[in-house]
Amino acid sequence: MVSPFCSRRKAFHSAAHVPAGTEGCSYSQEYELSNLDEMPLMMSEEGFENDESDYQTLPRARAGQRRGGLGWFLLGGWKLLCASPHLLNVLLRFSRNGKHARCLKLKVFLSPQVLYQQFKFFLNLYFLVVACSQFVTSLKIGYLYTYWAPLGFVMAVTMVREAVDEVRRFQRDKEMNSQLYSKLTVRGKVQVKSSDIQVGDLVIVEKNQRIPADMIFLRTSEKTGESCFIRTDQLDGETDWKLKVAVGCTQRLPAVGDLFSISAHVYAQKPQLDIHSFEGNFTRDDCEPQIHESLSIENTLWASTVVASGTVIGVVIYTGKETRSVLNTSFAQNKVGLLDLELNRLTKALFLAQVVLSVVMVALQGFVGPWFRNLFRFVVLFSYIIPISLRVNLDMGKSAYGWMITKDENIPGTVVRTSTIPEELGRLVYLLTDKTGTLTQNEMIFKRLHLGTVSYGTDTMDEIQSHIIQSYAQVSHRSPACGGSCGATPSRKPQTSGPKIRKSVSSRIHEAVKAIALCHNVTPVYESHPGVNGETESAEADQDFSDDNRTYQASSPDEVALVRWTESVGLTLVNRDLTSLQLKTPSGQILSFHILQIFPFTSESKRMGIIVREESTGEISFYMKGADVAMATIVQYNDWLEEECGNMAREGLRTLVVAKKGLSEEQYQDFENRYNQAKLSIHDRSLKVAAVVESLEREMELLCLTGVEDQLQADVRPTLELLRNAGIKVGKPRDPREAHLELNAFRRKHDCTLVVSGDSLEVCLRYYEHEFVELACQCPAVVCCRCSPTQKAQIVRLLQRHTANRTCAIGDGGNDVSMIQAADCGIGIEGKEGKQASLAADFSITQFRHIGRLLMVHGRNSYKRSAALGQFVMHRGMIISTMQAVFSSIFYFASVPLYQGFLMVGYATIYTMFPVFSLVLDQDVKPEMALLYPELYKDLTKGRSLSFKTFLIWVLISVYQGGILMYGALVLFESEFVHVVAISFTALVLTELLMVALTIRTWHWLMVLAEFFSLGCYLASLAFLNEYFGIGRVSPGAFLDLTFITTWPFLWKVSAITLVSCLPLYILKYLKRKFSPPSYSKLST
């Protein structure tokens, strides 16, 4: 019997090494006894034979015989290694890899927490109290279903919608949990579900397969050796492939099965949010001396990424809710539109009016008898003044607006991800937009190379090509004894006195192009060709350097543009792996370089570097490129860099500074020792590594300045002009100098664009927040350069905090997500940087120019329609409450309902719902006119369509119409008083239908259909609902007489009442439009 692991186990405890002989330590023994059955463990072949289903756990009885080694440390070691003694028992409980929260939610769908989410809104809670009061006999007004049916319908619509979303999420989680993966054991491969994968499992992931959990990359089948590519678009939103590196110690093992024959352990940091950093160590113990390898982000395979090349084997270190993807899954806050907040305030005003009206009715009674009970009965009686159908109508309207946006053929590909705030598109004042990929195409084109004394543009690139051809032609004709280095690369002796020797232009061009071709993270990829037996064979770099077969993969399109440019001038990158890099000269000669170190680009450092050794000469060179703000203090003194960076920036070019430094063998060995020691540090590793690297970044030779152009998308300029004419102020965060003085000086200028750098912005936000906001709000546009994602979100919150206006953020990359989620309305563009911004946004578009139609047309219509719909629904409740107040006043202020049972339910549903809801199809101006005159958008931002002024107008209309309908029915039908319910209710329905017709500005055939359908439903119901048309308790048994409603006196008197209630309003509306027409009506005529 062969044990798969060696018998030693390791643990870090207070930074001390604990050998196997100290297993009797209290914390280890306590762990063995209390948590052994809960900790996932691989077991020996002997234990595997006993019960195949129990291969993940070790029986408690065999605890003393268990052998440790790589298995234990890769399986559960990271938590024990990271834990202090008092946290040990807590941290050793591993998270399951499956997603089971959805199933639990479905089981508790009617739990108090779910119900709280529904009744935290004022409307729902109010009607719940009113409905519950009907169970009290002394407070009962009418039928129970009169109150419970509308409330149940509203709750059912909302909860069913959430239930559907929950079921869909549950099905997606179930599908993900059921995916099968190959798990490596001592008996070979075992198929396991994704949800059954545990910490420490050795998992095999094939090409194009999703990685199920966070893993350390141990081995790969790629011919390149120790690396593979993964796609991370579902993690960070970036579409470029990422290069990952296997642990060298395990990759060099002869066979996969040898993983079970070594004794080693892994240290991994505790789960963290940052997906771009990782600190860990791999130590092999069965060698003398021990082998130590530092683990970084390039050795990790995060969950939700996809293997793009080869097959990988990794050991699981984090599962379930502890994976990076789950930790970074932020449930965005539920955004509430400004219109909803305004309607909520109006609803509270209606409630106050309802209470006041009830108090007045009780006061007119003289507070006699049980007046408090009568007060509550009046509150219930006037409850329809607050329409319960308001939220349902608005929610259905929002869904209709979202459907219209999605189906608009003029903005194809638009997706509405948040259906609760379409009206916000019509209320925006500040628009914050990213530049790269949002305003531009994210397609980089090399435009300029500046060497300090000479500059080359697109029309002079042939000169650079001729210099490169001439330079390498001279090298190829030299003696082989020169090693091909004479004239190509300066020797180290001349380099020490290099600054004293003025180099020729040709030599400087050669050095610059060579540096650009070497200093990057680009990897050439060759497409696979079918083999003889149908199998795919990777095209080896030394076999196929065909330009047609080669593509470049990199994390930044800027780097690809630079490498493509060096290829166009004659120096081509043909092969690259972890340790070497090969360039092809114009003559076909291959230059080989050994990659010693790579320092990747970070948003903090704003630069990247590489140390290479040229194989032909052995010369070691340190190349670095980065932003001018980062490189200015690194390169040697010069008098042209800052000026030329400004000139290129004014041309709209993205600049990069390229520098070089030669290293002797002794200098590099000293650096390598310090660098490796810093990488093995457990505490403050990143700071120590940065300090070592910065020791090299001194007095570097400035080689060149590059300019790359990112072309604007189609129609960006007209769209920005359109937004400016619409009154929307645009801010462009692109990625502190004399802050206070410049702010004061800038205030005296008018109609100027404010440009501020990220450093200056930091100073302004910290010390001069109020002055900065005041100045920014006065400018038509603000440009913030080199902003961090946090700063972008800070600007959004700053505008929200200091202004009462609505903000919108638009971006296309993962660095824009925080800004998009912080804004009142977030718009994402699905571009080349991935889908992360698009998925996190409220609205997703494919091109920036689509934002014009999205705001000017759909934003306008959504806001106008919702404002009209909300006010009309409130009018529908206020008019019937007015009639109830008049009716109660006539009958000595008795708390008797005017309409009971199905009449109240039908009034809010089939009798008036369809015509009122058809207002979502109304429009005041045509889309073409809204785009032609964007100035119309300014009126929307003032909120005049829904305000306390318009609300009071609708209150007066409701009081007038309610009084006319009730008093008209009493006056004209005094002799037939028993029919007052039928008379007033018929006039009420006709009035509502006519008011909808008077409100509509552009007719649609569905509107006409809704009008006639509702009228037909009411007329048809008269034959079935005659028992409801009595006067209730005042005159029991007085029902509707069908012969009565067919008489001419009934018809013309009802028509007269309806005409009196509507005609004056139509006349006033006509006179207002004639003598004080709105701006849109002038254009429509």
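Backbone N, Cα and C atoms are what each Cβ position is placed from, and that goes for glycine too.
According to TrEMBL, the feature transmembrane segment maps to 70-92 (among others).
Look at TrEMBL and you will find 121-139 (among others) tagged as transmembrane segment. Listed as Cβ neighbours of the transmembrane segment (121-139) (distance under 8 Å, sequence separation of 6 or more from its ends, same chain) are residues 147-148, 150-151, 154-155, 344, 347-348, 351, 370, 373, 376-377, 379-380, 383, 386, 388, 390-391.
Counting same-chain residues at least six beyond the ends of the transmembrane segment (145-164), those with a Cβ under 8 angstroms from any Cβ of the stretch are 106, 109, 114, 118, 124, 127-128, 130-131, 134, 383, 388-389, 391-392, 395, 900-901, 904-905, 908. The transmembrane segment annotation in TrEMBL covers 145-164 (among others).
Look at TrEMBL and you will find 189-324 tagged as domain 'P-type ATPase A'.
Residues or ranges marked as transmembrane segment by TrEMBL: 349-369 (among others). For the transmembrane segment (349-369), the residues of the chain that approach it from at least six positions outside its boundaries are 122, 126, 375, 378-379, 381-383, 385-386, 874, 877-878, 881, 885, 888-889, 892-893, 895, 948, 951, judged by C-beta separation under 8 angstroms.
The feature transmembrane segment is assigned by TrEMBL to 375-394 (among others).
Here TrEMBL flags ASP434 as active site, 4-aspartylphosphate intermediate.
Look at TrEMBL and you will find ASP434, LYS435, THR436, GLU559, PHE601, LYS625, ARG654, GLY731, ARG786, LYS792, ASN815, ASP816 tagged as ATP binding site. Around the Cβ of THR436 (ATP binding site), the number of neighbouring Cβ atoms within 10 Å comes to 23.
Residues annotated as Mg(2+) binding site in TrEMBL: ASP434, THR436, ASP812, ASP816.
Summarising the annotation, TrEMBL assigns region 'Disordered' to 483-504 (among others).
Annotated region 'Disordered' per TrEMBL: 528-553 (among others), in sequence order.
The feature compositional bias 'Acidic residues' is assigned by TrEMBL to 537-546.
The domain 'P-type ATPase C-terminal' feature in TrEMBL is assigned to 839-1077. Mean pLDDT of the predicted structure over the domain 'P-type ATPase C-terminal' (839-1077): 85.
What TrEMBL records for 873-893 (among others) is transmembrane segment. For the transmembrane segment (873-893), the residues of the chain that approach it from at least six positions outside its boundaries are 346, 350, 354, 357, 361-362, 364-365, 378, 381-382, 384-387, 389-390, 393, 899, 907-908, 912, 916, 951, 954-955, 957-959, 961-963, 965-967, 970, 984, 988, 991-992, 995, 1034, judged by C-beta separation under 8 angstroms.
The transmembrane segment annotation in TrEMBL covers 899-921 (among others).
What TrEMBL records for 951-971 (among others) is transmembrane segment.
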Out of ASP434, ASP812, ASP816, which of the recorded positions is least crowded by other Cβ atoms within 10 Å?
-> ASP434
Spacing of the two Cα atoms, ASP434 (active site, 4-aspartylphosphate intermediate) and ASP812 (Mg(2+) binding site), in whole angstrom, works out to 7
Residue, out of the binding-site residues PHE601, ARG654, ASN815, whose Cβ gathers the largest set of other Cβ atoms within 10 Å = ASN815
When DSSP states are grouped into helix, strand and coil, how many residues of the domain 'P-type ATPase A' (189-324) land in each?
-> 19 helix, 53 strand, 64 coil
Minimum Cα separation from ASP816 (Mg(2+) binding site), reported as the residue among binding-site residues THR436, PHE601, ARG654 that achieves it | THR436
Of THR436, PHE601, ARG654, i.e. the binding-site residues, those within 10 Å of ASP812 (Mg(2+) binding site) when Cα atoms are compared = THR436
With pairs restricted to those 6 or more apart in sequence, evaluate whether the transmembrane segment (1005-1025) and the transmembrane segment (899-921) have 3+ C-beta pairs under 8 Å.
-> yes
Stretch with greatest number of CB pairs under 8 Å, the transmembrane segment (899-921) reference, 375-394, 951-971, 1045-1068 candidates | 375-394
Beyond the flanks of the transmembrane segment (375-394) by at least 6 residues, Cβ under 8 Å | 121, 123-124, 126-127, 130, 133-134, 139, 141, 147, 150-151, 153-154, 157, 340, 343, 347, 350-351, 353-355, 357-359, 361-362, 866, 869-870, 873-874, 876-878, 880-881, 884-885, 888, 895, 897, 904, 908-909, 913, 916-917
